[in-house]
Structures are given as structure tokens and as C-alpha cells.
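Presented below is the structure to which this report refers.
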Amino acid sequence: MTAVSTTATTVLQATQSDVLQEIQSNFLLNSSIWVNIALAGVVILLFVAMGRDLESPRAKLIWVATMLVPLVSISSYAGLASGLTVGFLQMPPGHALAGQEVLSPWGRYLTWTFSTPMILLALGLLADTDIASLFTAITMDIGMCVTGLAAALITSSHLLRWVFYGISCAFFVAVLYVLLVQWPADAEAAGTSEIFGTLKILTVVLWLGYPILWALGSEGVALLSVGVTSWGYSGLDILAKYVFAFLLLRWVAANEGTVSGSGMGIGSGGAAPADD
């Protein structure tokens with residue numbers, strides 16, 4: 001019992017300097033973080049230029065939501081690079097790495113918790129959906145990210161890690177339902193169905209990669225190393241966030257008349273106002 005307590009204490013007492021040294025000694029992990037920081041910086045400047053001439057309120061809201069994606073990402077990845085949001089976890093019995101200290105870049109979940117709702121907000125605004133549907137998508141998304149974080153941080157039970165993973169996936173299914181079933185009809189009515197369809201497929205396909213990486217990486221069955229998993233997440237972030245946001249903002253800037261023409265449907269699903 002004493003040995004177990006001592007080991008647990010040692011893990012908890014790892015300093016940020018220890019974590020930073022471990023990050024910097026892992027080329028794959030370190031490079032996956034800094035490449036994302038550099039790209040986020042470039043994307044922020046690009047998006048500022050792309051959105052500077054937007055005038056309609058709805059187009060501006062989409063632009064703000066889009067801008068927040070790289071802004072959140074660069075902040076969160078800076079936390080990873082500094083070791084602030086990275087730690088060592090001792091995997092529980094039953095895990096493939098049971099008893100070993102595993103580096104956990106848990107700060108990624110902060111990125112997703114704050115950036116993915118902005119992606120959904122931008123998509124909802126593009127589709128001119130109603131506020132109830134938008135609220136559902138965003139809250140289910142936050143639930144997905146928070147329970148995913150719980151699955152990654154639990155060290156007391158291997159089973160409970162997978163239980164929370166399953167709960168996170170259930171939240172994800174709710175998000176997929178909104179994206180694939182509810183919002184396409186709203187986008188059709190708003191006249192944005194073509195670009196919405198492209199971004200919807202891009203989002204769904206790429207977001208499916210995250211739970212797969214979790215399951216295959218050190219947090220799951222440990223078939224992939226921490227560095228390889230980190231590059232997988234970074235690659236998905238680049239495509240699902242920066243490429244997605246660029247395509248959306250470019251379309252909005254070129255079709256602002258369509259965006260402003262369908263009005264601010266949030267809260268009404270784009271429905272026309274009732275006669276007096």
C-alpha cells in the first residue's frame with residue numbers, strides 16, 4: 001500500500017519543467033504542437049483580412065465564430081507547448097500500459113471544448129437554424145468534450161475510462177443527428193445548402209477521426225505512441241478547424257448577399273414573421 005501511494009505521489013509531483021523536458025525530447029509530439037501554433041498564427045491574420053469588409057450582422061457573426069477557432073487553438077496549443085496543460089498519468093490495471101507513467105496532453109480537450117462549439121455556431125448561422133437546435137448541438141458538443149476529458153484523465157479504473165468514452169460517443173451521436181438530419185433542411189431554406197453540404201461532410205468525416213484516434217492511442221488500447229497520436233490530432237485540427245473555417249469564410253465573403261438575404265433566423269428557423 002505504501003509503495004502504491006509513493007508512486008502516485010511521485011506522478012502527481014512531476015513539475016512543469018519535467019513535463020516540458022519530456023515534450024521537447026519527443027520530436028513528433030513537440031513538432032505537432034509547434035506546427036499547429038504557427039499555422040494558427042497565419043490563419044488568424046488571413047481571417048482578419050478576409051472578414052474586414054463584411055457588413056451584414058449574420059455574416060459578421062459567422063466571421064467572429066470563425067475567428068475564434070484559430071484564436072482558441074493558438075492559446076490552447078501554447079499551453080501544451082509550455083507544459084501547462086500536459087501531465088503524467090499512471091494507467092490503471094487492465095490498460096495496455098498499466099502501471100506506467102504516460103504523458104497526457106489533456107489540454108487538447110480545452111481546445112475542443114471552446115473551439116468546436118464555434119464551428120457548430122458558424123454552421124448553425126450558415127444554415128439559419130433555430131436557437132433550440134443550435135443550443136442542442138452546442139451543449140451536446142460540450143458534453144462530448146468534457147466526458148472525453150474524463151475518459152482521458154481517469155486513473156482509478158480501466159473500465160470507467162471506457163464508460164466515459166462511450167458516454168462521450170453518445171453525445172457525439174446527438175451532434176451528428178443535428179448536422180445530418182436537422183440542419184440540411186434549414187440550409188436549403190436559407191439558400192446555403194451547397195456550401196453547407198460540403199462543410200457538413202468535411203466536419204462529420206474529420207470529427208469521426210477523433211474517437212478513433214483516442215481508442216487507438218495511449219489513452220485507449222495504446223497501439224499508437226503519444227507522438228503519433230498527437231500528430232494525428234494536430235492533422236485533424238488543421239483540416240477540421242483551419243481548412244473548414246477558410247472554406248466557410250471565403251464563401252461568406254463572396255456570397256454575403258445570400259447570407260444577409262435570408263435574415264437572422266436564429267430563434268425562428270428562418271421562418272417569415274407572422275402577420276399582425
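Note: Cβ is positioned from N, Cα and C throughout, glycine not excepted.
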Topological domain name match (Swiss-Prot): Glu188 vs Thr258, membrane: yes
Number of helical, extended and coil residues in the topological domain 'Extracellular' (22-25), per DSSP: 4 helix, 0 strand, 0 coil
Contact yes or no, the transmembrane segment (58-81) and the transmembrane segment (226-254), 3+ Cβ pairs under 8 Å, gap 6+: yes
Helix, strand and coil totals (DSSP H, G, I; E, B; other) for the topological domain 'Extracellular' (217-225): 0 helix, 0 strand, 9 coil
Chain residues outside the transmembrane segment (193-216) and at least six past its termini with a C-beta under 8 angstroms from it: 112, 119, 123, 126-127, 148, 151-152, 165, 168-169, 172, 175-176, 179-180, 183-184, 187, 223-224, 229, 232-233, 236, 239-240, 243-244, 247-248, 251, 255
Sequence-remote partners of the transmembrane segment (26-51) [C-beta within less than 8 Å, at least six residues beyond its ends]: 60, 63, 66-67, 70-71, 73-74, 77-78, 80-81, 103, 105, 225-228, 230-231, 233-234, 237-238, 242, 245-246, 249-250, 253
